[in-house]
């Protein structure tokens, strides 16, 4: 094709992509069904991972829950089973009201499987993934959600904690994706969800290891998405989730300027997950919550660094992590004193 003709064709496609993106904002696409599909969630024992599990359960997905904490993971599984029982009761009532003429997918056919897995350890991931394939089947939806934060200034952070943060928050995405992507490629079907953070798009002081891990996983996700497009595997979808500070306790104590905080409060976990689910079920490539994060990311990309610093200082975002780090340090000291260390 003539390069001039191709240039105008590409220009048209780019403009059309803007039109489609605008249409998605105005008219919400229909959500796809995940009923009966195997959905694996890492870090399912608490926080966003638990809420993702409950949302997928309500949509009749068959759940595989991974967490390093066996007890917490089983608690999540119990909540999922309760949802399944409620759905089963509702289906039974609907069948009775319809004299048995309606065909309804009974949730009693769905199960939840729990696995204790440290996703920061490569061999543990691969061994657990093999167990899942043998005991459950192939995974259709992979939600890479597990994450940790050390809560130390760089020069005070032990090397092993930095390595742990990178392993869990970033490297684990490589291992889980390598474990489950091959079958997705074979059948050209699946969905990979990367739960990152707004701190994977812009940074702040005092959380160098966390920001590095989240920037890394955002880069991994974007490259993977491009690789799937290059391979013309359009049946495999990807969604990048980048929420602002979520009120799960992970960053307890983090504060921006008090006059600004009412306009940009920590996100409620339920709201964050519901917004992410809308994006996942409509095959949206990326979601930042709240939408203001799109603007912040754009401004960070075009403004001079000193201008960004001025904005951070005005918002109180330059040292917003310092109270959180101080609380972590105090808690560590209290534990050491309690244990006689």
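Cβ coordinates come from backbone N, Cα and C, glycine included.
What Swiss-Prot records for 210 is active site, proton acceptor. In the three-state DSSP classification, residue 210 (active site, proton acceptor) falls within a helix. Neighbours of residue 210 (active site, proton acceptor), defined as other CB atoms within 10 A of its CB across all chains, total 27.
The NADP(+) binding site annotation in Swiss-Prot covers 40-64 and is backed by similarity to another entry. DSSP classifies residue 44 (NADP(+) binding site) as coil under the three-state reduction. Cβ neighbours within 10 Å of residue 44 (NADP(+) binding site), excluding its own Cβ and spanning all shown chains: 32.
Feature annotation from Swiss-Prot assigns substrate binding site to 197. All protein chains considered, the CB of residue 197 (substrate binding site) has 26 other CB atoms within 10 Å.
The transmembrane segment annotation in Swiss-Prot covers 3-23.
According to DSSP, residue 64 (NADP(+) binding site) is assigned to a strand segment.
Separating the Cα atoms of residue 52 (NADP(+) binding site) and residue 197 (substrate binding site) is a whole-number distance of 16 Å. Comparing C-alpha positions, residue 210 (active site, proton acceptor) sits nearest to 44 among the binding-site residues 40, 44, 64.
Looking only at the binding-site residues 52, 56, the densest Cβ neighbourhood within 10 Å occurs at 52. A gap of 17 Å separates the Cα atoms of residue 44 (NADP(+) binding site) and residue 197 (substrate binding site). Reported as a whole number, the C-alpha separation between residue 64 (NADP(+) binding site) and residue 197 (substrate binding site) equals 23 Å.
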